[in-house]
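Residues annotated as 2-phenylethylamine binding site in Swiss-Prot, with experimental evidence given as evidence: D103. Summarising the annotation, Swiss-Prot assigns region 'Extracellular Loop 2 (ECL2)' to 175-186 and lists experimental evidence as the type of evidence. Under the heading topological domain 'Extracellular', Swiss-Prot lists 1-24, 82-96, 162-188, 274-286, citing experimental evidence as support. Marked as topological domain 'Cytoplasmic' by Swiss-Prot: 50-59, 120-139, 212-249, 308-339. Among the features that Swiss-Prot reports, transmembrane segment is placed at 25-49, 60-81, 97-119, 140-161, 189-211, 250-273, 287-307.
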Amino acid sequence: MMPFCHNIINISCVKNNWSNDVRASLYSLMVLIILTTLVGNLIVIVSISHFKQLHTPTNWLIHSMATVDFLLGCLVMPYSMVRSAEHCWYFGEVFCKIHTSTDIMLSSASIFHLSFISIDRYYAVCDPLRYKAKMNILVICVMIFISWSVPAVFAFGMIFLELNFKGAEEIYYKHVHCRGGCSVFFSKISGVLTFMTSFYIPGSIMLCVYYRIYLIAKEQARLISDANQKLQIGLEMKNGISQSKERKAVKTLGIVMGVFLICWCPFFICTVMDPFLHYIIPPTLNDVLIWFGYLNSTFNPMVYAFFYPWFRKALKMMLFGKIFQKDSSRCKLFLELSS
């Protein structure tokens with residue numbers, strides 16, 4: 001007999017019949033992903049909050065993005081873990097809507113942050129003289145506000161007003177909806193709208209901005225190499241270090257963006273294509289793609305650990321308890337060049 005999620009069989013979702021060993025393996029893997037996500041992003045949050053040297057416009061955007069990733073690991077992933085391993089939802093229909101809305105909101109907020117970080121890097125690298133004037137604290141606050149508010153309004157509005165299956169109500173209630181389930185369902189219109197809002201438009205902005213940065217950085221490198229070394233050797237040494245630092249930051253943020261696109265691209269492509277293919281994508285594959293997307297929030301702190309020396313030094317100070325020492329917040333995590 002098939003296992004069911006609800007005691008009223010004719011309206012219940014079907015529970016998976018995986019063995020206990022398979023379930024235990026899945027739970028172990030997903031718990032590892034969740035813990036890695038929480039610990040990694042918490043280190044980023046604490047580092048930027050604690051050390052005054054890290055209180056820069058770019059780092060506040062990174063801090064906000066790490067908060068998004070931390071909340072995804074804290075509020076979304078644990079419930080998704082149970083749903084994925086059991087193929088059942090035990091937390092009620094209202095909380096299903098809250099969970100789905102929060103999931104869409106935080107996933108969308110990540111790429112919004114990355115878009116604004118790319119714009120910040122554009123001015124830092126391509127217009128450094130006016131960077132501090134253009135990317136002041138007010139501008140950063142507006143960017144952070146938009147990164148949180150727009151995804152929140154979009155996600156909660158769409159799910160609680162049930163706009164996500166508008167135009168496909170018959171398919172949803174006849175073939176998808178059942179007691180004990182919490183699947184993410186999109187109609188043709190809502191699928192395209194989600195793809196455009198959460199992925200394509202902000203992702204395209206990022207790609208265009210980083211390509212522009214690449215062209216300008218390449219041109220700057222050519223001009224420096226053509227300059228008279230005897231007359232400008234001192235200037236080159238100072239600017240070379242500064243530009244090397246900026247190029248490294250751009251490279252790091254570019255990798256962060258690339259990881260996001262690689263992780264979320266399969267899910268968003270399936271989201272926009274599935275309604276046009278008459279919903280042929282099985283729920284298990286959809287779960288796999290969702291978790292593959294979640295991995296983006298796990299990988300971001302790892303990118304910082306590999307490419308940012310300040311992250312490694314901050315981590316070392318935390319592990320040895322040095323952040324509890326007096327004036328540890330004023331510790332120099334990296335060398336600052338005087339102007």
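For all residues, glycine too, the Cβ spot is worked out from N, Cα and C.
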Close approaches to the topological domain 'Cytoplasmic' (50-59) from elsewhere in its chain (Cβ under 8 angstroms; 6 or more beyond its ends): 117, 120-121, 124, 135-137, 139-140, 249, 310, 314, 323, 328-334, 336
Residues outside the topological domain 'Extracellular' (274-286) whose C-beta sits under 8 Å from one of its C-beta atoms, at least 6 past its ends, are 87, 168, 171, 175-176, 183-184, 186-188, 191, 267
Tally Cβ pairs under 8 Å between the transmembrane segment (250-273) and each listed stretch (60-81, 97-119, 189-211, 287-307), then give the stretch with the top tally. 287-307
Listed stretch, out of 60-81, 97-119, 287-307, that has the most CB pairs under 8 angstroms to the transmembrane segment (189-211): 97-119
How many other Cβ atoms sit within 10 Å of the Cβ of D103 (2-phenylethylamine binding site)? 22
